[in-house]
Amino acid sequence: MGVMRYVAKRLGLYLAVLFIGLTITFLLPRLMPINPVDGYIGQIQSRANGSISAEAIAELRVNLEQLYGLEGDLFTQYLAYLKRVVLNFDFGPSFTYYPQPVSAMILNALPWTLGLLLMSTFIAWVMGNMVGLVAGYFHRKKAASVLEFVGILLYPIPYYILAVTVLLLLAYVFPIFPLSATFPVGQMTPEKFGMIIYNSLLPGITLVLAGFGWNILSMKALAVATTEEPYVTYARLKGASNWMRMTRYVFRNALLPQVTALALSLGMVFNGALLTEMIFSYPGIGLVMRTAATGGDYNVLYGAITLSIIAVATAGLVIDLIYPLLDPRIRHR
Amino acid sequence: MSIDIKDTAMPAVLVSAPARSKARASWLWLVNPRLAAGLAILVVMGLGSFVLPLFAPADPSVQATYMRNLPMSPVHWLGTNALGQDIFWFLVFAVRNSLMLGVLVAAGVTVIATIVGLSAGYIGGRFERIVMLFVDTFITIPLLPILIILGALIRGNTSFLTVGIIIMIFGWAWDARTVRSMALSLREREFINMARFSGANTIQILVREVFPYVMAYTLVGFINTILFAINLEATLAVIGLSKIEVPTLGSIIFWALNYNALFTGQYVWIVAPIVATVVLFLGLFLTSTGFNAAFASKRGVS
């Protein structure tokens, strides 16, 4: 019973987040004082040295508004937008790569982002929690504060600094990796696969380092608090070994808030991944967004942001739904 | 943006205004090595970046003021870049602008978060549920894509201030959530009931009883938000979507990357902002966790 209510509540939040997120995506650009259609027409006009006739411009405007989904009043646009996005996952064609549909471009880039993101988040989470656990469990020892220091040093450093530093160190000072990575396209062969892995290592290392510091610090804080719990003292009096207490008593209990924290911080992790892709020219959603942003390809941008919201919200939902499996106490409520 | 330490450990009350003669002694509990180190960094960088620009020989954002790509010398401490700008002065202005933006955004965010969080936690009921739905949505939605769209639409046709306001609009949710959870736990406390029975109305209770409790956290949250704001603006600048003509910690890296400072071997251009950013962020972070630890230990004593 308790679980059902939990799931229902969480699903409700999920739908609400999707709805509000899509609405914001729809409203924001339309509330801005800048009209992309005007900008685009101006661009074409200046390229043609103002030789386009007024009728042609009017026709162009109608066409563009249709492509952008800007026909009718705000409410009609909104309904049409929701219908297109929710039912067909259709964002219209890309402008830069006309007539390639946006959804195809995004779906092409998605596996890249997912692969990089899942791998690095998983590694950072596991490693960070291990180090944080040791640092927290032995927080009275001097050596443990060294571990914490690693976290303090890494955590506040922004993604872009980490990325540039990693690039500087591992591609410039020690030329282990290429300064600009190449990602082969087309049929996958073992050789190409190796190349992709090799070239993904730099962005991967950046993301792992970034997540690592955060996980150390928050796990350390949790582990310190858990170590003070009466049941840990009881375990010690009972004669449980240090290892046993650390893994079975402290770790298992401190892990639960960490899972929730992961779900909450997914949005930020995703932001970091986008940025890292942009800096390393890694062919994921981030790079698609950057190219679209500099080229004024708005359909692609809206598609990418909608997908981002759906992806992050879904991942959060999945983590929260797994949570009752990890925490036996929820079942008994 | 925020760390769990501060969610689990709710900071204690600030000491109520002590007598003048005792002021020195009663503030000693605040000092711990971490806080001292953090504050020292902040004071040096803050003072330096606000005082030094008064002596700047030229506006560092103007291009082609000097010869290009000069090496480090007594005249140009960090050399000049490929745009003919003095790297040292550009960096000083960058730290100042970033700090100013951070403080401005943090002030706005703190006000919004405190109002939203306190009212949600304290009033409760349906109002709280609707507010928290929005807060959770804002936390869940990945911020960067939205900012990228805005950045692409605005594309530099805006003031530096607008960038700050946009960051403010999207940055309040985390803090509001923490303030609210604090208000929730406060709602049940004895002295709140006491005030209520004494005839205080909701506004009076919020301002006089609840707010002093939340003060301590607000300070920590404020510093964390400065960090968050500087980071976000710099992130946008690095990908060229902020006001990149204004020197900030992000725009300096944007120009360095854009002119391929790594390929041409101008490592000072890119290493200098990295070092400055890391030191500044470390200072802010040490200050915020230092305050947090101080408040926590104070709570342990009292």
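The backbone N, Cα and C atoms fix where each Cβ goes, and this holds for glycine too.
Just so it is clear, the model here is predicted, and its values are computed rather than measured.
According to TrEMBL, the protein has these features:
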type     : residues  : note
DOMAIN   : A:110-323 : domain 'ABC transmembrane type-1'
TRANSMEM : A:12-32   : transmembrane segment
TRANSMEM : A:112-138 : transmembrane segment
TRANSMEM : A:159-177 : transmembrane segment
TRANSMEM : A:197-217 : transmembrane segment
TRANSMEM : A:254-280 : transmembrane segment
TRANSMEM : A:300-323 : transmembrane segment
Determine which residues of the chain contact the transmembrane segment (A:300-323) at the Cβ level, with the cut-off under 8 Å and only residues 6 or more beyond its ends counted. 7, 10-11, 14, 17-18, 21-22, 25, 29, 85, 91, 94-96, 102-103, 105-106, 110, 256, 259-260, 262-264, 266-267, 270, 274, 285, 288-289, 291-293, 330
Of the listed stretches A:112-138, A:159-177, A:254-280, which one has the most C-beta pairs under 8 A with the transmembrane segment (A:197-217)? A:112-138
Cβ-Cβ under 8 Å with the transmembrane segment (A:12-32): same-chain residues at least 6 beyond its ends: 74, 77-78, 81-82, 85-86, 298, 302, 305-306, 309-310, 313-314, 316-317
